[in-house]
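Student: For reference, TrEMBL lists these features for the protein:
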type	residues	note
BINDING	B:Arg21, B:Glu79, B:Arg119, B:Lys427	(6S)-5-formyl-5,6,7,8-tetrahydrofolate binding site
BINDING	B:Asn226, B:Ser245, B:Val247, B:Thr250	K(+) binding site
BINDING	B:226-231, B:245-251, B:270-273	GTP binding site
BINDING	B:Ser230, B:Thr251	Mg(2+) binding site
DOMAIN	B:216-354	domain 'TrmE-type G'
Amino acid sequence: MHTSYDVIVVGGGHAGCEAAAAAARKGAAVALLTFDRNTVGAMSCNPAIGGLGKGHLVREVDALDGLIARAADAAAIHYRMLNSSKGSAVQGPRVQADRKRYKGAIQAMLAQQSGLTLLEGEAVALATEHGRVTGLILADGTALTGRAVVLATGTFLGGRLFRGEERNEGGRTGERAATALGHQLRDLGLPIARLKTGTPPRLDGRTIDWGALEEQPSDSRNWTMSPLSSTRVLPQLACAITRTNEATHQIIREGLGRSPLFSGAIEGRGPRYCPSIEDKILRFGDRDGHQIFLEPEGLDDRLVYPNGISTSLPTDVQQAMVRSMHGLDKAEIVVPGYAVEYDHIDPRALDSSLAVRAMPGLFCAGQINGTTGYEEAAAQGLVAGVNAAAHARDEMPMILDRASSYIGVMIDDLVLQGVTEPYRMLTARAEYRLRLRADNAETRLVPIGLEHGFVGEERRRRYAARQDRRGLIDAELRRCMTASEMARVGAAVRQDGARRSLFDWARFPEVGRALLFDLAPSLRDAPEDLRDEIWEDAHYAPYLERQDAEIADLRRNERVTIPAAFDYRCIGGLSAEMIERLEGARPDSLAAAGRVRGITPAALAAILVHLRREAA
Amino acid sequence: MADTIFALSSGAPPAGIGVIRISGGDAATALSALAGRLPEPRRASLALLSDPSDGAPLDRALLLWLPGPGTATGEDMGELHCHGGRAVVAAVERALGRMAGLRRAEPGEFTRRALANGRMDLNAVEGLADLLAAETEQQRRAALLMTEGHFSRRIEGWRLRLLDLSAMAEAALDFSDEDDVPDAAIEARIGEGIAALAQDVAQVLAAPSAERLRDGVRVVLAGPPNAGKSTLLNALVGRDAAIVSDVAGTTRDRIEVPAALGGVAFLFTDTAGLRAEAGDAVEAIGMDRARAAMDAADILLWLGDPDALPREDAVPIAAQSDRMDHRGHPGLKLSALSGEGMDALARLLLEKAAALLPREGDYALHARQRQGVTALLRYLGQAGRQADLLMLAEDLRQARRAIDTLTGQAGTEDMLDRLFAGFCIGK
């Protein structure tokens, strides 16, 4: 076996696969280490990819030539654009994916990637020399050498499953390996904390009375997750909706005493935005019911995922609860739901390239950083993979800032604020979301990917052609017309005597698409995705201009750098809590320090004054 | 570690006492070096100060040792209450200046350190600047409210309400796929919340500004030549600020005189007399300036024809009642020479000024604060008109940023520089 690589990726989940593929695209020799090659690319929780905020991440990973969107399209059996009635900046594309086909698509893409070797085995320890990573030791004694290691190990650190009174340590063999690596991470001084997440029972779709339930059909338009997927390939299935009711709530209340969530057995914090059904009943008991989506797991798969009843109640209570709902009175549970508690590292130990500050060459991505979700994992994996390859090849790291992408927002949040619950992407987290739309991810990110040299030929060609086309349309939209000229061609705009470019006129409600297309035929002839992007750009333009000044300000404060060894304790007047947060987050700029929670303007002024004094 | 700074923080010598403040890590060393011992913390004690270089006695002074961080600047501090003679203060300052690590404070540096160490916020600093400059009771009260953080607490209240509104908007945007977030009802509640907050903000904005309080209410005396404007001005300010003669057109330029009446600051302006034809170019310029002053006046006292008021709100004055016949004149009859009507005029000025100045218990906003509150109100207004929830959320975000500007988060550096440039030393 070949044992020398540039980058070694541990873990074949969504983060690990993107990391390995991205590092290989950047030209590194990559090993992807997994327990079992058949589980590579598995979706371990719900069968959906995308959604509000998450759909943005999928499009961004795709723009950086990642795998997730193309695999989602290859496996999609249901498409839905969330928030379609709201502004495009908060619309979230989502698909239900066929599990087997998704995994198959990922494995096929990895197999085609040159420079990437899939290895089966179990990591025991990092090999280090003078405080730097030099490789990885496997359980069978094999020593792999590599200048960078990416840990994308999901919940393997101290995983514990809970269901009613049952407990299951980690749920897999090889605790020794996890423990040894876990100890090594602790010895590095990495702060470790515990988080909790849960999953609902899986139902046998043949035992559901579909006819009795409200149906939610797949979106009829023909959009795809990746612009490189030319069309939807699989037959589309409908999801169905049912609700909990008073009887369901009564069953849950009676079972609460047997739930590990309330017996104190689980110490880790669960996510507020994805509560267990026990939590929902306890906190919102006055509601007469909660919506439950029944999502098929595949075309030729009988399993159905009831989204909304994540639970760790005992199996018998789960069965009674499920059967109390409309359409599910005969439903069979195939796999009962459970809660899982796991260790994660405090992501404030990482820098913006996802490198562990205390150990050069070590990168972390995915759930190990305290996030939840395939999309969050994939996005971090891509960034960690690219930067691990950059590290191995002595190239500049790729740092995405908050104004560039949701990926940048997420990483900045993680490395500055840390996590108190599993971190999930929300559009509300992105202050510049009017410019960070799912529909303009290519325009925003392909150039960054090209600059860092990890975008494939197909994507590059598509981007170049699209930019050429956009250039022609932009030129046509720069043509100016007066208000009276607009009136002559049929737009009942206010006669304010103003002369505006067609791009500016586009946002006036009196103008409308049809007229604009007449005035700018190149726009009409453009592909739908480009047409929509330009249309939205025009509508948000006044807001984007206002934000430009804000972003310039942000970038100016980002240039006021804070040395890594800056001593916050020498600044009198910072509270102990502020000092602790700043020392935990180690912001690298004044802008970043200002984003650390609880840092007041006065504290920021104090830091600035001390920085200036030190510089003087 | 920062330098230790010192400065005379009481008035210019000679004075009864001279208070020299020392702030920084070497404050204790400096006190011990001068007094031969470190007094008990926060207890005044008497000591003979000697020059550490030659042991020569300097002064017998009251000594205070205030260990940080619970001090005005957040650092270790010392205070020397010396005799306020020029030579005494100079000798003590010289001795301090020779010590290693000590230097004379730059203007505003004590306050700057208080801000840097989180002992004051920006609004409080601005309030302090006003407090130190306050000459009238009213200025003092308004400045104290600002220093004590009344305005900051109000802003904090706004910020919390804004956060609630934003949170509702974001819930409707990010969790619209969940049936637990009721869309339509929540949008109505957001709308009501925005309107209520905007009303509150508008109320603060409608209150009079700090500049008027600081610079005085502008009272302009205007009228034809030789109407008695200069005599009246001199009577109002209680001294001969303007030259008075019987020669028409004696006053050729504007004369501005600040004066306090009944505890309120006024800025009185005497102007060149107005007539149809200017005698020469200089008089023409003087008349232009007079008109400009009249336009900018808060209160315009008109000593001319009561039927030809230059401004609707001008106050007609029947001046020189000791020698003129004012029958039928609707204005206030007064004589600066005999004092007739002067009390009535003072009452009238105070009454009008009361409407222009912050009421007791109000704080007044500075131009910078006014700008921030205006921006806040503008974004709230925009948010209230948005049909698109996404744009509404963006407007609310901008409103939050406007609040950050008020407490000094954005553009920190520029704002600090401006703020401290005109600041008095040693406070």
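Just so it is clear, glycine is given a Cβ too, placed from its N, Cα and C backbone atoms.
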Student: Within the domain 'TrmE-type G' (B:216-354), how many residues are helix, strand or coil going by DSSP?
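Tutor: The composition, in the requested order, is 38 helix, 30 strand, 71 coil.
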Student: Counting Cβ atoms within 10 Å across all protein chains shown, which of the binding-site residues B:Thr250, B:Thr251 comes out on top?
Tutor: B:Thr251
Student: Using a Cβ-Cβ cut-off below 8 Å, which of the binding-site residues B:Arg119, B:Lys229, B:Ser245 are near chain A?
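Tutor: Listed in sequence order, the binding-site residues near chain A are B:Arg119.
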Student: Give me the count of other Cβ atoms within 10 A of the Cβ belonging to B:Asn226 (K(+) binding site).
Tutor: 18
Student: Fewest neighbouring Cβ atoms within 10 Å: which of the binding-site residues B:Arg21, B:Lys229?
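Tutor: Each of the binding-site residues B:Arg21, B:Lys229 was scored by Cβ atoms within 10 Å; lowest is B:Arg21.
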Student: Minimum Cβ neighbour count within 10 Å among the binding-site residues B:Val247, B:Ala248, B:Ala272: which residue?
Tutor: B:Val247
Student: Between the binding-site residues B:Ser230, B:Ser245, where is the Cβ count within 10 Å the lowest?
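Tutor: Across B:Ser230, B:Ser245, these binding-site residues, the one with fewest Cβ atoms within 10 Å is B:Ser245.
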Student: What is the separation, in Å, between the Cα atoms of B:Thr251 (GTP binding site) and B:Ser230 (Mg(2+) binding site)?
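Tutor: Cα-Cα, rounded: 8 Å.
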Student: Would you identify which of the binding-site residues B:Glu79, B:Arg119 has the most other C-beta atoms lying within 10 angstroms of its C-beta?
Tutor: B:Arg119
Student: Rounded to an integer, what is the Cα-Cα distance in Å between B:Ala272 (GTP binding site) and B:Thr250 (K(+) binding site)?
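Tutor: Rounded to a whole number, the Cα-Cα distance is 8 Å.
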Student: Reduce the DSSP letter at B:Arg119 ((6S)-5-formyl-5,6,7,8-tetrahydrofolate binding site) to three states and note it down.
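Tutor: DSSP assigns B:Arg119 ((6S)-5-formyl-5,6,7,8-tetrahydrofolate binding site) to coil.
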